[in-house]
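Input: a single structure, listed below in structure tokens.
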Amino acid sequence: MILTETEIMLYVIEMLLNAFGFFVSFLFLYVLWQTKLFLRNHKFYLSNVVIANIVTIVFRYPQLIQLLSEKKLYSDETNARIVQVHDMADSVAVNMIVQLIIFGDVTAVVMGKDEMSLLWVILLCCLSWVLGELNIQLGAMNIPPPLYSQALMECVNIICWIAFFGLIYMGKVKYRQQTVGDIKHKYRISICLRTLAVLKVMAICSAIRNFICINVIISLFVWIRPNKDVDGERFVSFFYDLTLAFYAAIVPFLMIWSHDEMQKTYGRLCANKFESPITKVSVTTTNNEVKFIAKNVVGDVITANPQDEAKHHFQQLQNNWNTRRLSVQHVPQKSQRNITWSKGDSLH
């Protein structure tokens, strides 16, 4: 098949995006595992998603090289195996299964349950790949029919999108309610909320990616292939692959920038100075004075504004004065000796 100049340009752009995505994926993994304020289980889940991107890129390159060379470079069996592994790694099913696993784990942490053991976490990550491969094999046998399968994935994708925002809201409510009790539980909720900032980015970007990929496949089965539109099939194929390339190249950076500690780790790696404290601080300048407003992990202000601070200060002075005055009033006076004198008495 002879490629047009436009097709060659699109394939080259995809290769460049994949090269960049390959680099930033490994960068993200390094930054993730160097970051302290992060739950261990969530590190494994996010690593699983990023490793899927890396596998997708690695097995896409042989296909791109073969397409650009305009000749067959591998045997039919090798080509089939390359396509199979690539399709499993970029599978929408694998991505959404990992998200569902994260939902369960985050919910358990927020509700006060102990973290799962490392063995179970690794088994769940492996299970997501097994289920993804099973989904591909069933799809090859038309079980269920393609349109039913894609419609089901569309519904699950929407559920995943909504569930993450529900988890964030639930985590904030639990954090505010945990004013007394197990400090370890509140610490885990705090770390979980910071982790959810990264997972939220992953969930939104994954939902957009999955939405595009699912609807591309639906359009392929509903309109393009029934009408034998060869140009249309090439176009949606480019669109599908470029979506995956953009996802792999952009999402790791967005996830790093959504977490304060990951920013600091990335800054140390790049020898740059990033001022990003753990607590969110906004700075306002008035009359050449710098005032800091500190906030906790859920965004609540934990320092009073100047007016409230002055009011609180004078109220505290008044309370101290009242306490001192009342304590003085209640001290019993020393009993005085009454001395009576009579005419015959003399003083010795």
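From the backbone N, Cα and C atoms, a Cβ is placed for every residue, glycine too.
Residues or ranges marked as transmembrane segment in TrEMBL: 12-32 (among others). If you look at the transmembrane segment (12-32), the same-chain residues 6 or more away from its ends with a CB under 8 A from one of its CBs are 38, 43, 46-47, 50-51, 53-54, 57-58, 60-61, 64, 68, 238, 241-242, 245-249, 252-253, 255-256, 262, 265-266, 269.
Away from its own ends, the transmembrane segment (44-62) comes close to residues 14-15, 18, 21-22, 25-26, 28-29, 32-33, 73-74, 82, 85-86, 89-90, 94-95, 98, 101-102, 105, 121-122, 125, 128, 198-199, 202, 206, 241, 244-245, 247-248, 251-252, 255 of its chain (Cβ-Cβ under 8 Å, at least six residues beyond either end). The annotation transmembrane segment is assigned in TrEMBL to 44-62 (among others).
Annotation comment: TrEMBL describes 92-111 (among others) as transmembrane segment. Listed as Cβ neighbours of the transmembrane segment (92-111) (distance under 8 Å, sequence separation of 6 or more from its ends, same chain) are residues 39, 41-42, 45, 48-49, 52, 124-125, 127-129, 131-132, 135, 153, 156-157, 160, 163-164, 167, 170-171, 174, 188-189, 192, 195-196, 199, 202-203, 206, 209-210, 213-214.
Here TrEMBL flags 118-136 (among others) as transmembrane segment.
Positions annotated as transmembrane segment by TrEMBL: 148-170 (among others).
Residues of the same chain lying 6 or more positions beyond the ends of the transmembrane segment (191-224) and with a Cβ under 8 Å from any Cβ of it are 37-39, 42, 46, 49, 90, 92, 95-96, 99, 102, 106, 109-110, 146-147, 150-151, 153-154, 157-158, 160-161, 164-165, 167-168, 171-172, 175, 232-233, 236, 239-240, 243-244, 247, 250-251, 254-255, 258-262, 297-298. Residues or ranges marked as transmembrane segment in TrEMBL: 191-224 (among others).
Residues or ranges marked as transmembrane segment by TrEMBL: 236-257 (among others). Within the same chain, residues 7, 10, 13-14, 17-18, 20-22, 24-25, 27-28, 31, 46, 50, 53, 56-57, 60, 90, 198, 201-202, 205-206, 209, 212-213, 216-217, 219-220, 224, 263, 266 sit at least 6 positions outside the transmembrane segment (236-257) and bring their C-beta atoms closer than 8 Å to a C-beta of that stretch.
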